[in-house]
Each structure stands twice: as C-alpha cells, then as structure tokens.
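Heads up: the structure comes next, in structure tokens.
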Amino acid sequence: MNNDSFSSFKFRRPSSKLHKDPPGYGSRALNSQQSTTSLKRHPSAPVYPRSSAAGSREHLRTRSNAYGSSSSSLDQNSAGASPVLGSSDSGHFHSSHSSRSRPPYSGRFSLNDQSSDELIGAPFDSRGMLSALEEHTAEPDNRSYQPPDPAERYTEKPPNFRSQTTPNPRALRQSASFTTLPPRMEAFPNAAGNDRPTNTKRFSDEATPVRPPGPSRSKKSSFSSFVNSMLGSPRGIKISAPENPVHVTHVGYDNQTGQFTGLPKEWQRLLQESGITQKEQEEHPQTMVDIMRFYEKNARGDDEVWHKFDHAYPQQPTAASPISQPAGSTTYGTQRTSPPTSPRFPQNHEGSFENPRAPPPIPRAAPIAAHAMSPPLGGLVPNRAPPKPPTAAANLVPSRPAPQPPTSSPYSNISTRPSPETQSPQFSTPPIPETEPLPSESQRSRSNSRTNGAQGPWPSVSPSHYQQQQEQAMAVAQQALANKQLERSRSQRQQQQSPRPDQMPIAQPALPQHAPSPEDVALTQASQTARAAPAARPRQRPRQSNAMDVRARLVAICTPGDPTKLYYNLNKIGQGASGGVFTAYEQHTNNCVAIKQMNLDLQPKKDLIINEILVMKDSKHKNIVNFLDSYLHGLDLWVVMEYMEGGSLTDVVTFNIMSEPQIAAVCRETLNGLQHLHSKGVIHRDIKSDNILLSLDGNIKLTDFGFCAQINDSQNKRNTMVGTPYWMAPEVVTRKEYGRKVDIWSLGIMAIEMIEGEPPYLTESPLRALYLIATNGTPKIKDEHNLSPVFKDFLHFALRVDPEKRASAHDLLKHPFMNLCAPLNHLSPLVKAARISRAQEKAQKGGV
C-alpha cells in the first residue's frame with residue numbers, strides 16, 4: 001500500500017468506523033462459537049517485544065465503561081465480530097495482510113501484568129490503543145496518527161455490551177500488536193531480513209494464565225507495605241530528640257539568692273575549704289564557675305596536676321603525691337619564715353630533688369587522708385611541683401613533674417621523676433587532650449603528652465585512622481633531627497664508645513653495648529616526628545606506649561656501655577619515687593657529676609623521660625644545666641648531668657635576704673637561659689626558684705625541663721594549664737592562649753620570691769590562689785616602698801596582666817635594672833650560708 005492510499009485510509013477510516021452504527025449484537029453474540037470476526041491476532045501481525053512495551057508509559061490500557069463484566073471482552077474466546085470494529089474492517093485487515101509474511105522483529109509487544117489486570121472488566125478503547133501504537137510505531141519522519149476529538153468520533157454512544165461468560169485462562173490477551181493500521185507495522189526495522197520464516201505461535205503468552213483480579217492484588221500490596229516497613233526507607237528515617245536527658249554537672253549562679261546552683265558535693269566541700277569567702281564568690285560568680293570547672297578538669301585522671309599535692313603512693317598514677325602531708329603534719333607545720341624547719345625536701349615521689357619551701361597552711365581544712373583520691377583542699381598544698389598541661393595544644397612538649405627536693409640534693413631538678421622526653425626545641429610533642437588531667441605530684445611525671453611513638457601520645461580521633469596519619473608523618477619529618485641527636489650522643493661518648501651487641505638484654509644489670517638497629521632509629525624518628533605533627537582536636541589521649549617501645553626509643557638515644565665502669569664513688573644525695581640522685585666521679589677526668597637513676601618499671605610516665613633528655617641535649621648554654629650522657633643499665637636509666645653543688649635558689653631565698661644587685665644578677669642569668677630556649681621555640685613553663693640551680697661559685701643554671709613545650713610559627717600559642725599554681729600567669733589560669741610570655745611572668749613572681757622569701761599567695765590554698773591570680777592580676781608587693789624605682793619598673797614590665805604588653809626576655813635584658821647586677825661570685829656567700837642552714841635543719845630533724 002503506497003503512502004497516499006495509506007494517508008487517505010488513516011484519516012478516512014476512523015470516521016467511517018466511529019460513525020457506523022454498531023452491530024446489533026447482544027451479549028450472546030460475544031460468546032457465539034460461530035463468530036467469524038474474532039479479535040485474535042492475525043497470523044501475519046508482528047509480535048513486538050515485551051520489554052519495549054513495559055518500558056513505555058503510554059502503553060497502558062485505558063479503562064472504559066463499554067464493558068462491565070469482571071473480565072475483558074477481549075479475553076473471551078468468541079468467534080463473533082468485535083462490537084467496536086465492524087466485520088468489514090476485520091475483513092479488510094485479513095485481506096490486506098493474509099499474504100504478507102510476519103516481520104522478523106517478532107518480539108512480543110504486549111501490556112505488562114499490571115496493565116493487563118487493569119484491563120479486566122474494562123471495555124475495549126480503540127482510541128487509547130491507537131495512541132499507544134502511534135507512539136511506538138511512528139515512522140522516521142515522525143508522522144503519527146492524531147485521533148480526532150472524541151466529540152467528533154462518537155456521534156452515538158456505543159451500546160453497553162456485557163459478557164456473561166467466565167474468563168478463559170488461555171483466551172487472547174490485549175496486545176499492542178493488534179491494530180487496524182497494518183502499514184504502520186512496516187515502520188519497524190527488519191533486523192534479520194524479510195525472508196525470515198514466520199513464527200507459527202499465534203499467542204505469545206498462551207502459556208501464561210491471566211492473573212485473577214481481586215484479592216491477590218490487595219495481598220500483594222499489603223505484603224509490599226509490610227516488607228517496606230520492615231526494611232525501612234531512607235526517606236522515612238526520623239531522629240527523635242533525646243529522652244529524659246540528665247545534666248550530671250551544671251553549675252549556675254542565682255543572681256537573686258547569690259548562691260551557686262547545681263554544685264557537686266565535692267565542689268561544695270572545696271569551696272568551704274578553699275578560704276574563698278561568700279562575698280568573693282558573689283563578686284566574681286563567673287570567675288568562680290570557670291575556676292571550679294578548671295579545677296575539676298585538672299583534678300581528675302591519672303596524671304593530675306592537683307594530685308601532686310595529695311597523699312598517695314607514688315607508684316599509683318592516679319594517686320595524689322605523698323609529698324603533701326596532713327594539716328597537722330610536722331613536715332609542713334612550720335612556716336618557711338623559720339629557716340631551720342620551713343624548707344622541706346620533697347618526698348621521693350616528687351621527681352625533683354630540690355628543696356621546696358614549706359607548703360602553705362591548710363585553710364580550715366580538716367587533715368586529709370593520706371591516700372585520698374579526691375584532692376581535698378588541704379591535700380592540695382603544693383610541693384612546688386608544677387602541674388602538667390591538661391588540654392591538648394599542638395606541638396606540646398610534655399613537661400616532666402616539678403622538682404622535688406629529697407635530702408639536700410641540689411639536683412632536685414634532676415629529679416628521679418620520669419624526665420619527660422621533651423623534645424629538643426626543634427621537636428614539638430603531641431598535644432595533650434584538653435581533658436587530660438594534670439600530672440600528680442607523686443608521679444611528678446607531669447608529662448603533658450606521651451612520647452611519640454607508633455602508639456602516639458595523642459588521642460585517637462578515629463583512633464586507628466588518626467594514628468596511621470601520625471605515623472606516616474612521623475617517619476619523614478624528623479629524619480635529619482634524629483640523626484643529629486644520634487651523632488651528638490656518639491660524639492659525647494667517644495671515649496667509651498665500643499661496638500654494641502645485636503641485642504640488649506633488659507634484665508641484665510650491666511647494659512650490653514649495641515648499636516641502635518635501623519628499626520630503633522626509625523622508631524625514634526617516628527616518635528620525634530609525632531611530637532612535631534599537629535594534633536587534631538584531641539579526644540581522650542590513648543594509653544601510654546608500652547615499656548618495650550620506650551626502651552627501644554631509649555636505646556636509640558642512650559650511650560652503649562656499662563655506666564658502673566665509667567663512674568665511681570657514687571654517693572646518694574637524694575631519693576625520688578622511682579630512683580635516687582647520686583654524686584659520682586668520672587673515671588678519666590675525676591670530674592664530679594650528678595647521676596639521676598630511674599627505674600623504668602616505676603615510672604608512671606615512661607614516655608616523658610625522653611622529652612627531658614632531648615631538650616637538654618639540644619640546649620647547650622651556659623645558663624642551662626649541662627646534659628652529659630645517658631645509659632641504660634639493666635632496668636634503670638642513668639642520666640648524667642653537670643653537678644651544681646650549691647643547690648637550688650629556694651634554699652638561698654629561704655635562709656637569706658637578698659639585695660637588689662644580687663636579685664638583678666639572678667634575673668639576668670635566668671633571662672639569658674630563657675632567651676636561648678625561646679629562640680629555639682621552647683617554653684619552659686615552670687620557672688621558679690626550685691628550678692634554678694647554683695654552683696658554689698655563684699653560677700646560675702636552669703633545670704627541670706619536664707614542662708617544656710614546643711611552639712612554632714603555626715602554633716605560637718598554647719592553652720594548657722602547666723606550671724605550679726602560685727607561679728602561673730593569669731592567661732594560664734584563665735585557660736587562654738599563651739606563649740613565651742608566661743615564662744616572663746613566672747620570672748617576675750620569682751623576683752618577688754627573692755624579695756619576700758616566698759611567692760604571693762603561697763599561704764593560700766591552690767584553689768584560692770588560682771582565684772586571686774585570676775581576679776587580682778598583678779600581685780601586691782609587701783613594703784614596695786622599700787624598692788628602688790628601677791626595680792619597681794622592672795617588675796611592672798614583667799608582671800603585666802596583658803601578655804601583649806608584657807616585656808620579652810630580650811626587652812628585660814636591656815632594662816636599666818640589669819645595670820645593677822652584682823658579680824656572680826657575690827652569690828657564693830649566700831649559697832654557702834644556705835647549705836649550712838640546711839644541714840642544721842636536717843640535723844634537728846634527726847638527719848635524713
């Protein structure tokens with residue numbers, strides 16, 4: 001059929017079909033077996049694939065009211081003519097295509113099951129079918145059949161034929177291949193050629209019974225709803241608000257009653273024992289809340305700064321330091337104003353062997369149990385051991401616990417407390433999580449951060465993922481630095497240098513000599529790098545690395561050899577929690593040295609030992625205690641240092657009255673040491689008289705680097721609470737960011753020590769001291785009128801509350817007060833007098 005005849009047929013046929021009166025068949029005609037015009041598909045009609053029909057939105061049956069029976073009229077195996085298409089049309093269809101072979105594209109083009117079900121009981125709608133066919137069988141020129149408006153198609157409503165028969169499962173189903181426009185079939189491509197044999201199967205889905213309507217569909221939808229409800233849908237997820245939330249600790253202040261609300265019992269007791277009056281609490285309510293939160297955070301955990309004031313066994317990490325005695329203790333009963341009894345050597349647990357001054361009287365606090373875990377105020381009397389930083393600051397070099405004076409060892413600074421592995425100024429140790437408690441005094445390992453190692457001192461965010469990142473950064477950043485440290489160690493031990501065995505037995509008393517293996521070197525480098533790596537917002541810090549890791553790192557930095565064969569005539573001058581301090585003489589030079597022996601198994605913070613060694617190794621200066629060497633001897637670590645026989649400045653200020661020129665000389669030497677540390681990016685953070693050592697000649701040197709922290713360009717401020725409370729700068733107490741200027745404030749407080757014999761607020765409890773530092777700012781000086789104007793001006797610049805306005809070490813070294821400095825040998829008489837007074841005090845107490 002050519003295009004012209006087809007076009008005329010396309011536009012003429014619907015009109016003749018739709019305007020023709022429907023045949024006058026009754027419902028019985030549909031069931032007649034003699035019907036010659038069946039709706040079965042003609043053998044030559046093409047079969048289209050189910051997939052193309054199923055994917056088409058248009059291929060849906062249109063419901064009609066023409067049939068009201070429960071099954072479609074097309075499902076009846078009737079021989080009668082179609083009620084809509086006359087017999088003439090059917091005859092035309094047969095005549096046109098009886099001789100034409102079936103197109104090769106024989107995939108069945110039928111309605112999906114759902115559409116099939118919808119057709120059941122619906123009348124045959126030729127208009128909807130034609131629309132679907134036109135959509136799928138359109139020719140390349142996009143010509144499509146546009147059915148006339150329904151108003152023009154139907155001039156008479158077709159009769160409502162109703163079938164009285166039951167559906168036959170094998171009956172013909174409505175198929176998109178049924179059409180009255182055979183030419184359209186030619187629009188489909190002939191993929192296999194026109195000579196493809198015709199498929200003799202007339203009904204492509206004969207074997208598939210028609211799905212019965214009714215309950216089965218509702219069951220299916222119900223089942224689907226049930227499955228969806230069980231599996232859940234992303235869109236349906238709803239997160240409810242928390243139920244019955246409970247705020248365990250929420251402190252507030254009631255302005256009407258002037259009372260704090262929600263105070264835990266421990267806080268209430270601390271406030272009662274602190275000596276802070278109700279009026280003071282009402283005047284600065286927010287400051288009180290901040291201090292209590294600060295105090296609570298630092299008073300918990302196994303390395304608390306406040307626990308260093310408690311009475312507890314030193315080996316217990318969470319226990320408070322046994323140093324502080326109950327209120328009635330004779331140890332602290334006397335004021336430091338009486339030289340014979342006031343200066344007190346810290347107990348063994350205090351890592352440093354300096355002579356701390358007598359602790360302040362306990363404000364109306366009842367004597368505290370020796371092993372109290374909570375730090376009652378009375379037990380908080382500081383032994384002058386600096387606290388460890390609680391919060392995580394990037395690149396924080398952990399500081400070891402503050403010095404503890406054992407017997408009268410001037411090396412309290414070489415305290416047996418675990419010397420932190422403070423990195424050399426170039427290293428920055430991993431930051432300590434903000435939640436990390438300050439070190440207890442007994443531990444004196446006040447290390448803020450763990451040694452860097454594979455197990456990293458930092459908190460693991462996603463612990464494993466963060467740790468991996470840190471370890472990767474570790475191995476690269478500090479390669480050169482680690483080599484530098486190793487070379488320095490070798491150069492210092494040239495005389496004793498000997499080949500080391502491959503392995504070093506841990507349990508043997510003598511340290512076998514063995515060169516660090518590549519693994520050890522890599523581990524050391526990794527640990528150093530870890531310190532330099534910036535820390536993410538720290539969660540709680542991980543458990544400290546095991547003893548084997550620490551030993552491996554120590555092996556890499558310690559000198560091989562047996563120290564017992566290198567030093568002789570050891571004389572114990574002090575005792576710490578985990579070891580003692582000895583004087584000894586070197587075999588080849590007969591020089592007197594100080595040796596700090598530490599039992600690694602007794603160190604609460606083994607990682608911190610490396611911190612101090614590294615800082616001292618890299619800080620060679622005339623005003624910094626000289627680190628000589630370190631050895632591993634069995635289970636002990638021996639740290640050999642320069643011996644400062646004069647002891648600490650604490651004894652000098654306790655038993656003597658110093659003149660301004662002498663004070664100026666001490667300040668100048670201290671500032672020189674600080675300037676050197678600051679130039680390397682290191683903050684000491686624990687400057688006080690206990691950490692200033694003197695020789696008999698009056699030479700002055702800084703010691704106790706356990707609290708040192710690393711700062712750099714990217715992290716030039718810290719916000720961790722470190723140092724002993726009485727020497728803390730206001731920005732540290734209020735937990736603001738701070739930098740090098742905190743050492744300048746501590747120097748100013750130490751100058752007041754040299755004037756008055758003790759720092760401000762020493763007779764106050766630590767909690768009240770924190771309150772006074774935060775609220776008063778620059779402390780008042782007794783008898784300030786007796787000071788020279790130049791000295792007052794020096795103190796004014798050193799004790800500025802605003803760190804931005806506070807002078808630097810470089811500025812103070814140029815201050816006119818430095819012109820008053822006395823020669824260092826003028827300090828020698830003070831040192832000797834202090835030694836005599838100390839010996840007398842010890843004799844009165846029965847000798848220690």
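For all residues, glycine too, the Cβ spot is worked out from N, Cα and C.
Features as listed in Swiss-Prot:
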{"type": "COMPBIAS", "residues": "29-38", "note": "compositional bias 'Polar residues'"}
{"type": "COMPBIAS", "residues": "63-80", "note": "compositional bias 'Polar residues'"}
{"type": "COMPBIAS", "residues": "101-110", "note": "compositional bias 'Low complexity'"}
{"type": "COMPBIAS", "residues": "133-142", "note": "compositional bias 'Basic and acidic residues'"}
{"type": "COMPBIAS", "residues": "161-180", "note": "compositional bias 'Polar residues'"}
{"type": "DOMAIN", "residues": "239-252", "note": "domain 'CRIB'"}
{"type": "COMPBIAS", "residues": "315-339", "note": "compositional bias 'Polar residues'"}
{"type": "COMPBIAS", "residues": "409-427", "note": "compositional bias 'Polar residues'"}
{"type": "COMPBIAS", "residues": "440-454", "note": "compositional bias 'Polar residues'"}
{"type": "COMPBIAS", "residues": "467-482", "note": "compositional bias 'Low complexity'"}
{"type": "COMPBIAS", "residues": "524-537", "note": "compositional bias 'Low complexity'"}
{"type": "DOMAIN", "residues": "567-818", "note": "domain 'Protein kinase'"}
{"type": "BINDING", "residues": "ILE573, GLY574, GLN575, GLY576, ALA577, SER578, GLY579, GLY580, VAL581, LYS596", "note": "ATP binding site"}
{"type": "ACT_SITE", "residues": "ASP686", "note": "active site, proton acceptor"}
Rounded to the nearest Å - Cα separation of GLY579 (ATP binding site) and the residue listed as 'active site, proton acceptor': 22
ASP686 (active site, proton acceptor) and VAL581 (ATP binding site), Cα-Cα, nearest whole angstrom: 21
Which of ILE573, VAL581, the listed binding-site residues, has fewest other Cβ atoms within 10 Å: ILE573
Integer Å distance between the CA atoms belonging to the residue listed as 'active site, proton acceptor' and GLN575 (ATP binding site): 21
Densest Cβ neighbourhood among GLN575, GLY579, ASP686 (recorded positions), 10 Å radius: ASP686
Model confidence over the domain 'Protein kinase' (567-818) (mean pLDDT, whole number): 88
Rounded distance in angstrom between the Cα atoms of the residue listed as 'active site, proton acceptor' and ILE573 (ATP binding site): 23
Structural state of VAL581 (ATP binding site), classified by DSSP into three states: strand
